[in-house]
Amino acid sequence: MDLVLLLLVFVPPVVQCYSSGVVLDSCEDMKPRHSGLSPQTGPPPFTVTTEHSSYRPGEEVRVQLQAPASTPFTGFLLQAREVGGRSPVGSYAMAAGPIQLLTCGQTPNSAVSHTSESAKTYIQVKWRSEASGDMKAIQFRASFVQNYNTFWVDVMSPALTLTNDSNGSPSPATPSSSNTTPATTTKEAAPLALSISSADCGVSKVCFSQPSDCDPAVTADCYFLSATMLSTSGAAVRYEMSGSSNGYISFGFSDDQMMGDDDIYICGISSDGLVSVQHAFSTGRTAPQALPLGNVSDVQASVQDNVIRCSFTSMNTISTQRTSGFNKTYHLMFAYGPSNNGRIQFHTGTFTSTDKVDISRPGLVHKAGRPHIIKAHGALMLIAWMTSGSLGMMAARYLKVGNDQKLCGKDVWFVVHVALMSVTVAATITAFILSFSYVKEWSGGVHPVLGCLVLILSVLQPTLALLRCGPQHPLRFLFNWTHSLNGLATKVLSVAAIFTGLKLIDSTMNQWLMKVMGAFVGWEVLFYILLETHLKWKVKSKDATTTLLESKTVTVAVFLMALFFFGNLSVLVALLVGIGMS
């Protein structure tokens, strides 16, 4: 009975002491007084991070304690100490949340701890250095308690160096935001360009770049992404990205090489000119859906000479529609483009990894080219509607008048027209089958809609031709008009489809494929004008012409079409090479 009374008197205060976070007897060694138990020796699933890598005397520094959602902590103790020191320095300010300030080493408010045993995944506090005195580089040290039997001691942040304004050294600006909960966007004002390089690529971090193996510290024409695991448990990853853009750069994790259902991070210039980091989910068809920034900390960003650089630590679980988790493999995607008043626009360039990547395994990631089947699709459509289709339509319209030559009992113009348009329809059907066999589903955007319309009208054209009435039939004019208008509509839609298709694959900064295609169309329009003018003159002069003159007019039309073909061929080769290199 006496033993029970003793337990009732002494045990509750001890239990209350630790659950309430008043752990003053742990100030020096930061070890929880859990009788007979030792701290874990393996890597902790928790991190201690700061918003900057340096500080000034008297400056506030935000400190974040983070844990993955699957492994929360129930208790903690946080101090700032000089590197190698044993005593706490500076002081903390009271903030919202399950926290309290403690006096350690006779310094008021020099430590922070919990107030309850509730599960925690994110704690943010503000620490202020002493305004004067002999301060040195510091580190934030924390102890984390997962449960009574499992705890970690001396989990440290990266060291913060002291920056003194009197010696002319710069220091990072402090963001005006004071939110204690992660937001959708974090803004950083960084007067100096953030330093990002390819050092340790393949050794301690995963690197993905365009051009391959470029170094963003050496050249501005380098689009670069790196991922470094900060703990073997995969709880925290340090991301760095850099690239030239007048709006934003971004990267994402995808289950395939197609945009849509991707977990992405965007580093862009906001409406106030500051660089912000955003978390979003890409649907592939519309603007990305904004997500809460979540467990993201230590954000550093800058923009200089149109080169955007960002780095941050994330403890967010990677999540796409089909897979979730750090220890999974994903295709890496990188995209960049303009923004309008802080809102990102359609990307002007993108590249994707060839294979799926596990970011916990350091390595160099290779960029994927366009799938050969998609390149073949684009090449066939170009050949069909900018070469064979164009020549077939020209033959039907401009070689008919004044040409009575026969081939296999048919007019030569008719044989040429049927042969060329048969090639065009066959190439269109083949290109359509190739694209759908690769994608295996309907993809969003204007391009597939235009492509389907071209296919439908292309198949309809020869079908109506087979069902046409005789040349002397009184309703023959209906077929003639329908055949002509359908051909014209198919031609216009095919050119629009080619333009939208080239825009999807043209990742060059100056969009040279689009410009060459514009010249291609201009070249064809020029020869249509020349041939149409010649046709009008030929029809007008038909009654007065001799057989010899008729022969010469046909020769002129053939010459113009031959000239068009050779010019067309040179531009076609340039576009096909561009598609092959995309």
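Backbone N, Cα and C atoms are what each Cβ position is placed from, and that goes for glycine too.
Curation does not apply to TrEMBL; its annotations are automatic.
Feature annotations, reproduced from TrEMBL:
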type: COMPBIAS; residues: 169-187; note: compositional bias 'Low complexity'
type: DOMAIN; residues: 221-337; note: domain 'DOMON'
type: DOMAIN; residues: 341-537; note: domain 'Cytochrome b561'
type: REGION; residues: 30-52; note: region 'Disordered'
type: REGION; residues: 164-187; note: region 'Disordered'
type: SIGNAL; residues: 1-17; note: signal peptide
type: TRANSMEM; residues: 379-399; note: transmembrane segment
type: TRANSMEM; residues: 411-439; note: transmembrane segment
type: TRANSMEM; residues: 445-467; note: transmembrane segment
type: TRANSMEM; residues: 488-505; note: transmembrane segment
type: TRANSMEM; residues: 511-531; note: transmembrane segment
type: TRANSMEM; residues: 552-579; note: transmembrane segment
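Taking H, G and I as helix, E and B as strand and the rest as coil, DSSP gives the region 'Disordered' (30-52) the counts 0 helix, 4 strand, 19 coil. Outside the region 'Disordered' (30-52), and at least 6 residues removed from its termini, the chain residues within Cβ reach (under 8 Å) are 18, 23, 61-68, 71, 73, 75, 77-79, 140-145, 148-158, 160, 171-172, 174-175, 230-233, 235-236, 297-300, 313, 315. Mean per-residue pLDDT, taken over the domain 'DOMON' (221-337), amounts to 84. Long-range contacts of the transmembrane segment (552-579) within the same chain: residues 370, 375, 378-379, 382-383, 386-387, 390-391, 394-395, 398-399, 402-403, 502, 505-506, 512-513, 516-517, 519-520, 523-524, 527, 530-531, 534-535, 538, 541, 545, each at least 6 residues beyond the stretch ends and with a Cβ under 8 Å from a Cβ of the stretch. Residue counts for the domain 'DOMON' (221-337) by DSSP state, with H, G and I taken as helix and E and B as strand, are 0 helix, 68 strand, 49 coil.
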